[in-house]
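Since the structure comes first, as structure tokens, the remarks are kept for the end.
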Amino acid sequence: MQSRSTVIYIRFVLWFLLLWVLFEKSHTEEDIIITTKNGKVRGMHLPVLGGTVTAFLGIPYAQPPLGRLRFKKPQSLTKWPDIWNATKYANSCYQNTDQSFPGFLGSEMWNPNTDLSEDCLYLNVWIPTPKPKNATVMIWIYGGSFQTGTSSLHVYDGKFLARVERVIVVSMNYRVGALGFLALPGNPEAPGNVGLFDQQLALQWVQKNIAAFGGNPKSVTLFGESAGAASVSLHLLSPESHPLFTRAILQSGSSNAPWAVTSRYEARNRTLTLAKFIGCSRENDTEIIKCLRNKDPQEILRHEVFVVPYGTLLSVNFGPTVDGDFLTDMPDTLLQLGQFKKTQILVGVNKDEGTAFLVYGAPGFSKDNNSIITRKEFQEGLKIFFPGVSEFGKESILFHYMDWLDDQRAEKYREALDDVVGDYNIICPALEFTKKFSDMGNNAFFYYFEHRSSKLPWPEWMGVMHGYEIEFVFGLPLERRVNYTKAEEIFSRSIMKRWANFAKYGNPNGTQNNSTRWPVFKSNEQKYFTLNTESPKVNTKLRAQQCRFWTLFFPKVLEITGNIDEVEREWKAGFHRWNNYMMDWKNQFNDYTSKKESCAGL
């Protein structure tokens, strides 16, 4: 009797376990298979910090831009019949990779880590578990000077941000270099800015589909770094993008930076130059595009680096342009007119923005020594970063950036060139963008990132480099096996909290009052927030004197002295002619005097 009851009990337990397994399986399947407007996608569960995040990697959001679609705006997808397996990153878009320091982690970490292909328009989604309802969405746009980049880099992994802040993180690939930004403005076969239109189509995908993942399409924050931040600010300037997002975060980049946007004329000229180099010079634009579409992408990559004759270490060979569609005018003009999305922005820069560019060819600089440069090397560096600027213009930079009270320090020229490059290209444009935004009555918040990562592979003299706040924004120090310091883990958590607060509420302070308050940036006080492992501080007027030099004084110097070298050449030529006339007159006079004296003796 007892044995029979035991059998019944065992059967009951087995049935219960079977039902539980089936329930869990269906629950799990429900979590990792989601129906989008184009079809079903299967993701995967990732263990993260004692919990779980569901990741969907490599979801297509556009037709592959192959063949006749090369150089054209991205085309919407049709439906797929089966379940799309979104469990691994997709191809990276074609690009030239950084071969400057083979095997060196500091440069290799930014190179694409998946196969290169033109079939690259895919996006990734990370959602917290259990699946949320109406969660805030944060969309990441990578940088890389519009020439390189991919969403699959380890440093852009969205799982920690999704897990800790219970936000949905999205990132997308977009076309870069000539394949993304070659332009014959006005021609629909190659209108330019197709890399930006890729981003825009991904934003449309989020609006249509993110609710199925548990996201709120009315709470979407764009965030990006360097060219990614410039992209974010271009979406702020592009009316078609305005309904597709709510707020914006700009890390070390803005659309008014000198490298961010080229004129229609210059964009067209670069396309024609590439066509000439690659053997595609033709009588009309249609034939040029037809020829370029038949070229191997690797051949285009090889030649695109030669289209700027005076290339600097910050050259953007093919980037955004004024196409009359995505971008109707130069960013400075649109900012001046107040033609941008009225919303909240969070903007910031790193302490040593310039050093990352100096080691790629500035005279006397190297990652393998302290790069103590001379005055002559400083001046040669200015020639590289400011081609076409008159000698007087370059001397004005040297005069402004030299510390004349402490001009015996060995590091003075190295630090000065770091500041020149960082201020001109990153810091001052970002501050100017923020001022213009704030002046129109929008809430803006500005940060100054001061912490040098303990894991940074670059030498100590390079300081708090361009791009190295990203790992803290994405929570990489939370992964214990990587061996960041405890202070860095706490610091990273605080940054993720402030970024997520801003995304959720439009204010990095959120609803908490127990920490230092991050003030709103106003153009009269210009308060900004310092970010480091110590207690944050509120300071005012970051790089105010230097930025006045770049925004007010230097443009006047260029205007007055832009053709001074030509004037000098003309003056010298004129003086040489006059001198010849005078010498000829003197010779004639001497000859006359001599003859006169000869005649007097007769």
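A Cβ is built for glycine as well, from the same backbone N, Cα and C atoms used for every other residue.
Positions annotated as signal peptide by Swiss-Prot, on the basis of sequence analysis: 1-28.
Marked as phosphoserine by Swiss-Prot on the basis of similarity to another entry: Ser226. In this structure, Ser226 (phosphoserine) belongs to neither helix nor strand by DSSP; it is coil. Cβ neighbour count for Ser226 (phosphoserine): 29 (other Cβ atoms within 10 Å of its Cβ, all protein chains included).
The feature active site, acyl-ester intermediate is assigned by Swiss-Prot to Ser226.
Feature annotation from Swiss-Prot assigns active site, charge relay system to Glu353 (among others). The 10 Å shell around the Cβ of Glu353 (active site, charge relay system) contains 27 further Cβ atoms across the protein chains shown.
His466 (active site, charge relay system) falls within neither a helix nor a strand when secondary structure is assigned with DSSP, and so counts as coil. The active site, charge relay system feature in Swiss-Prot is assigned to His466 (among others); the stated evidence is similarity to another entry.
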Hey, what's the Cβ neighbour count for His466 (active site, charge relay system) at 10 Å? 24
